[in-house]
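Notes follow the structure.
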Ligand code: PNS
């Protein structure tokens with residue numbers, strides 16, 4: 001019998017995580033308190049031309065969540081709802097920063113619910129100090145050797161320095 005049949009609330013937090021930021025980590029820590037188990041699922045998307053490979057992204061996530069016993073790191077391909085079926089999970093967590101996130105998030109949540117009526121998406125508003133933060137902005141700063149120590153965990157800062165080493 002699945003864990004959910006025993007009343008366990010399993011949520012999936014999907015994303016690109018290229019790389020994980022302090023904003024993502026804030027959502028992970030807070031939602032790990034709400035759900036019994038949180039699976040952070042990295043999209044293995046070849047079309048997006050990511051900076052970090054899926055292996056690098058999952059490894060970084062593993063490092064920065066190692067103190068959270070009910071958080072599991074995984075990756076998925078193709079449709080999120082198919083992955084969720086495999087995991088027997090029905091709850092999706094997404095972070096909401098500003099109004100600008102809303103339209104895209106509404107579209108995704110509505111599509112996922114249309115594809116599988118049992119899927120529910122929960123939005124967690126970001127802590128205000130992270131509301132401007134994104135993986136793209138972090139990469140932009142790191143690319144030009146700006147300080148990212150306040151934006152990402154130290155393991156990610158090191159990994160970014162590795163990618164953008166001065167030649
Ligand atoms: O961190 P991101 O890039 O905003 O995350 C987007 C993500 C990975 C959650 C979304 O692109 C996704 O779920 N992709 C998998 C394909 C899918 O299921 N699409 C249908 C929902 S619109």
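Cβ coordinates come from backbone N, Cα and C, glycine included.
Computed from a predicted structure; not experimentally measured.
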Besides 16, 17, 24, 95, 96, 97, 130, 131, 132, 133, 134, 135, 136, which of 103, 105 does TrEMBL list for that ATP site? 105
Pairwise Cα distance maximum in Å, ATP-binding residues per record: 16, 17, 24, 95, 96, 97, 105, 130, 131, 132, 133, 134, 135, 136: 18
By a simple count of other Cβ atoms within 10 Å, which of 80, 96, 133, the binding-site residues in the record, is least packed? 96
Are there binding-site residues among 48, 80, 94 that sit within 10 Å of residue 16 (ATP binding site), Cα to Cα? If so, list them; otherwise say none. 48
Taking ligand 1 as the reference, state which of the binding-site residues 24, 94, 105, 131, 133, 135 have a Cβ closer than 6 Å to one of its atoms. none
Cβ contacts within 10 Å for residue 16 (ATP binding site), all chains included, total 18
Within the domain 'Cytidyltransferase-like' (12-140), residues counted as helix, strand or coil by DSSP: 61 helix, 29 strand, 39 coil
